[in-house]
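Data block below; observations after.
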2 protein chains.
Amino acid sequence: MPVVKHNASQPAKARHQVFSLLLDNRPLVDSILGRPGRKSTVSPEKLLDQTARLADIQRQLRAADAADILESLPLDKRLAFWRLIDNDKRGKILVEISPVIRHRLIADMNPGDILKAVRPLEVDEQACLAHYLPRDIVSRMLTALEPRQRAQARAMMNAERDSVGRYMDVELATVRPDVTLAVVQRYLRRRRTLPKNSDKLFVVDRKNQLVGELALTAILLNPPDKQVAEVMEANPAAFLPDDAAGDAAGAFERYDLVTAPVVDIKGKLVGRLGIEHMVDVIIAENDETQRRLGGIGPAADIYAPIRNTLRARWGWLAINLAAAFITSRVIGLFEGTLSVLVSLAALMPIVAGIGGAGGNQAMTMIVRGLALRQLAKGSVVFLLLRELGAAVINGLLWGGIMGLVTWFLYRNAGLGGVIMLAMLFNFILAALMGVMIPLAMARLGRNPAARSSVMIAAITDTGGYFIFLGLATVFLAHQA
Amino acid sequence: MPVVKHNASQPAKARHQVFSLLLDNRPLVDSILGRPGRKSTVSPEKLLDQTARLADIQRQLRAADAADILESLPLDKRLAFWRLIDNDKRGKILVEISPVIRHRLIADMNPGDILKAVRPLEVDEQACLAHYLPRDIVSRMLTALEPRQRAQARAMMNAERDSVGRYMDVELATVRPDVTLAVVQRYLRRRRTLPKNSDKLFVVDRKNQLVGELALTAILLNPPDKQVAEVMEANPAAFLPDDAAGDAAGAFERYDLVTAPVVDIKGKLVGRLGIEHMVDVIIAENDETQRRLGGIGPAADIYAPIRNTLRARWGWLAINLAAAFITSRVIGLFEGTLSVLVSLAALMPIVAGIGGAGGNQAMTMIVRGLALRQLAKGSVVFLLLRELGAAVINGLLWGGIMGLVTWFLYRNAGLGGVIMLAMLFNFILAALMGVMIPLAMARLGRNPAARSSVMIAAITDTGGYFIFLGLATVFLAHQA
């Protein structure tokens, strides 16, 4: 018996092969893409052989691995590899691949190929792709479905973004509560298939009302003459199509669910949520937070051409430039003071910078608390007081250190006192903003991580310069 | 038949009840914690009644929900509620709750209670808690296990942090390849239980070598006279105990796995990974990245007292202060230039700030690419060139705008030209650092998000001031 191989090694090998064939191999890429070849020393036979090897590799890849490799390839190599992938595999790959890239791959296909690629997919997968397809193809895709499936696909396409309705499967296996497990087993053997990752059947009455769930393990572990109603879970965790997908993912994590029923407000079974989609939701939510904190827009394919890169980033740069400009004008107010005591110019970024770091820490605490749903309403006062306390201690400590260093460096006790006071005040300002801004964002229904960081940075910067230069003007300007 | 309720509403109701009983109710908290009551107007009967209501609520809570509520409660209320929770439920709650809080709750229990709480847990759960328990309790806990289980627990406790060995379950259900499905069914009915979230049995030979997996659906959908070997998946995705848990989680996501076997290097079955632990890994990894980007340490309970808060944050503040100090010294080099042209002081934060924003964007792109495993080795040159291209365009664009604004504000074309050039150069520096620093961190095996952001900020700050003031010294100092 062969030693079982670690599963990560097979796709890694294929990935390596694809890369070594395509990277630094412009003649091959040109020939696959049918671009007018520049003078090339490579023989056509060799190109054909390499093309055949690539086609061989893709045939042995699972859709998810093919999607991974496509995502890792730079633009023209990605397109070249895509052209070689069999059409019946392309549908699954389009479902798996990230949305930005999905657009570009679909744009490379002709309508006939698209239809052939999507038709073998399940209804929920077709509905998921529909938003990325040309309108006339969507209507031809829908026409090909049975009326019941068409209605389901339409409902899913119209479901709110980030709602449970978008992520649910509609292929369901149901049983009645009043039959025996032996009957259920006969039914399953006739049925021959179950939806992917099924760990349970749904128990419904004649009106399709959900009355319970029957775990596959319950069928296997109990005597066949038991009734479904005796061994089912009669109080299952169920979701509504309008529930937020993020909340549902949280419930899956808390209760260690694998699948869960989706019911309408009357309790009728309409779909099924699977952990595989909930994992995607968790990953996508985290990715969005990280992306927004870094200031890049949603069209952020790592191999995007410069044009898209610039488009995904200009908004953030504009906001930052505007904030920096305001800061600059605040400093400009104090040119008089600066001209008499030029050392202030060297010291002022310290006050601004440390305030930014402190504000960011307070903000991260609150954003995490919100994300992990640990923030109780009555505790805002506690958090604010705790952050203010920490700010005072940090201000006295770090401000004190910098005050002493400044005194020593510039032989000027007043300057040391001013920088200490300014750091203390800016820490307090940063703590206030770090707590209040993300809470306000959350109250307004915005992603609290999104715009909070730039607002806090802007306020602690401007505030830091204003406080420091203001104090210096009051206490030190006469020293000139 | 009652309408099925959305599952999120039940814990939300309990949560609300606990909060309204405990918050702003110091007499109750004092009485539960047995603290010397200050003069209170509340009658003892009322306190007893409220205590009984809390005890009632906890009895109806699932462990995961109780853990959630405990995490959301400020310190003394958390302890008060913990004291009311039945001991046989506490073990599960300790497993579910976040590590920082786990420490404090365990510290509140006496050895006998801890042992009673952990004994009903499964071996892998006991091993997971062992790192948080006093040493003598761990040895008493291990003594109570059977020899085989004790060895398993020891192996798990010694497994590398963030390795598959830490997260695997050791309760396994196995079958032989040469029996029929009917035999498997009889075996399961005698067995009466299966590990949680089981979607498959593992098929092993006499030497416990893994030879395949038998999905529960395969048992149910195929005729009972088929042999296991005929319907099993003979080439399952398997993991090694030393594999990184994050890589395993990635494979679970890619292949939509629910459970997977863990084998030793000889192919012997040693454990089982479940999606519920992999979801925890994904959430914990993302949380760590976010925490590190915000500069707070691991002991970051949102309700931590000031002492812990300060401890979790001082390192980051020290690094930031050191960076700011270096920046300040760089500016100090140019005091001569600043004293002749004081408007430079107002303009210089613009150059530094926009460079920081640009560097952060480039870094976020790379960090995401690394996290999503989209970064191919041969593509670093492409990414670097793309980022440099974007930096040149952004530098000319935003630098041009600021140059014109400066010219207009200060009626000084030279100053406008200098700020434009400085912004261009700082954008280029930021792009270089934004690509190279996270890649270098990843190559060194560090979390690329962790220290990259502060390093990039330090370099773009210092670089921005140096470039701007340096150019001004060369081109403008004669204007005085």
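Numbering starts at 1 and runs along the chain as it is shown here.
Backbone N, Cα and C define each Cβ position, glycine as well.
Annotation comment: TrEMBL describes A:232-288 as domain 'CBS'.
The transmembrane segment annotation in TrEMBL covers A:314-334 (among others).
The transmembrane segment annotation in TrEMBL covers A:340-359 (among others).
Marked as transmembrane segment by TrEMBL: A:380-410 (among others).
Taking Cβ pairs closer than 8 Å, the transmembrane segment (A:416-442) reaches residues 347, 350-352, 354-356, 358-363, 365-367, 370, 380, 383-384, 387-388, 390-392, 394-396, 398-400, 402-407, 410, 448-452, 455-456, 459-460, 463-464, 467-468, 471-472, 475-476 in its own chain, all 6 or more past its ends. The transmembrane segment annotation in TrEMBL covers A:416-442 (among others).
Here TrEMBL flags A:454-477 (among others) as transmembrane segment. Proximity of distant same-chain residues to the transmembrane segment (A:454-477), defined by a Cβ-Cβ separation under 8 Å and at least 6 residues beyond the stretch ends, is recorded for 295, 316, 319-320, 323-324, 326-327, 330-331, 333-334, 336-338, 340-341, 344, 347-348, 351-356, 358-360, 363, 414-415, 417-419, 421-422, 425-426, 429-430, 433-434, 437.
Taken together, the residues of the domain 'CBS' (A:232-288) have an average pLDDT of 90. The DSSP breakdown of the domain 'CBS' (A:232-288) into helical (H, G, I), extended (E, B) and coil residues amounts to 25 helix, 16 strand, 16 coil.
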